[in-house]
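So the structure is just underneath, and the comments pick up after that.
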Amino acid sequence: MATPLFHADLTVHTQSHDYPIVITENTATENAIAEESSMASQVAPYIAGQQVLIVTNETIAPLYLKALKQPLEVQFTVQVCVLPDGEQYKNQSSINQIYDVLMAAHFNRDVTLIALGGGVIGDMTGFSAASFMRGVNFIQIPTTLLSQVDSSVGGKTGINHPQGKNMIGAFWQPQMVLADMSTLKTLPARELSAGLAEVIKYALIMDADFLTWLEHNLPAMMALNLVILGEAVKRCCEYKADIVAQDERESGVRALLNFGHTFGHVIETHEGYGNWLHGEAVAAGMVQAAELSQKIGWLTSDEVARVKRVLLLANLPITPPPIAVQTALNLMGHDKKVKHGQIRLILLKSLGEAVLTNDFDPDLLTDVLSQHAIHAKDDAQATTATVL
């Protein structure tokens, strides 16, 4: 098998346990199935028992399931659960389907679950692993850019509820993460852009130099230059691994990774799961957070314009859908960062420096929300929906 153009090995350190992130390419090709560097060969050392359940979806299964399943069957008893594709299926019904396969196979605590897919599959597989028999091992094989740079690392797992995104879940760290850059070649352009939103997020909250790097390299990333994409994934995983090592369960600094998410989750919940991709909602949410940062006096208008330009360079939306101000405030009022009844937001002190704060005039938040609001007193969606 040819030497990959890009390869990196990282380690995530947590109080639960340490685990590797392997960033590489071409592990799922037909020629790679029998090779030591194949997808199956990479994950096999992290399977403790003899039982394996691969959880994937209807989009990914035809592309990569054979390359993973066929070699593993030589060593392990392998079952597969193929779920529908989409955020709208990130719910208890899908979790029950995973449980059903585990129970029908008479699998026990020796089982290892493998998430083969994007963030939805990873979140549901991880939550199933956290809850089945009070906890079994699982492995992440993220196949989208968003999941490679963010959701597969750090142990956040869960499902949505009709009244809120990620309302039900657990912190449950994987045994390893295998990010194959080649899987991005089959990713729709819209999904690639959604993943780039999370990449841009890291630059905005942690590293202004990385923002400059992205401004120069986003065209190559959009053109699927795997070496450039691999470098971006590596950097993002390094940023996240560092934060997770400091704050595994999001009691402090890890909250900074939610930049744009409070606004973004309002969009996702209001518009219906799946209508806006997570990264698209986060992109529009980051613009709103930047606009509030400007109103406070932390960012200049030129810096906000720069945020918008880099998002547009990635073909991302910079304007949220029209949502009544009170609806948005109701949704934000149930955010997990709310403390003593006050909304706390991740805002930018400068490009590359973020802070969790409630030190802002509520009228300024209302002003930001009003810029794109439905001008109505009430909205049918202004229920007690919860955003996590």
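Including glycine, each Cβ sits where the backbone N, Cα and C put it.
Residues annotated as NAD(+) binding site in Swiss-Prot, with sequence analysis given as evidence: 85-90, 119-123, 143-144, LYS156, LYS165, 183-186. There are 18 other Cβ atoms within 10 Å of the Cβ belonging to ASP85 (NAD(+) binding site). In the three-state DSSP scheme, ASP85 (NAD(+) binding site) falls into the coil class.
If you take the C-beta of GLU198 (Zn(2+) binding site) and look for same-chain residues 6 or more apart in sequence within under 8 angstroms, you find LEU145, LEU146, VAL149, ASP150, CYS236, GLY279, VAL282. Positions annotated as Zn(2+) binding site by Swiss-Prot, on the basis of sequence analysis: GLU198, HIS261, HIS278.
The most densely surrounded of the binding-site residues GLN88, THR144, THR183, THR186, judged by C-beta neighbours within 10 angstroms, is THR144.
Of all Cβ atoms in the protein chains displayed, 26 besides its own lie within 10 Å of the Cβ of GLY119 (NAD(+) binding site). Note: the Cα of THR144 (NAD(+) binding site) and the Cα of HIS261 (Zn(2+) binding site) are spaced 19 Å from each other. DSSP gives GLY122 (NAD(+) binding site) a helix state. The number of other CB atoms found within 10 A of the CB of GLY122 (NAD(+) binding site), across every protein chain shown, is 30. Sequence-distant contacts (6 or more apart, same chain, Cβ under 8 Å) of HIS278 (Zn(2+) binding site) comprise GLU87, GLY119, LEU146, ALA194, GLY264, GLU268. Surrounding the centroid of the Cβ atoms of GLU198, HIS261, HIS278, where the record places Zn(2+), the chain contributes additional residues within 8 Å, namely LEU146, ASP150, ALA197, LYS201, GLY260, GLY264, GLY279, ALA281, VAL282.
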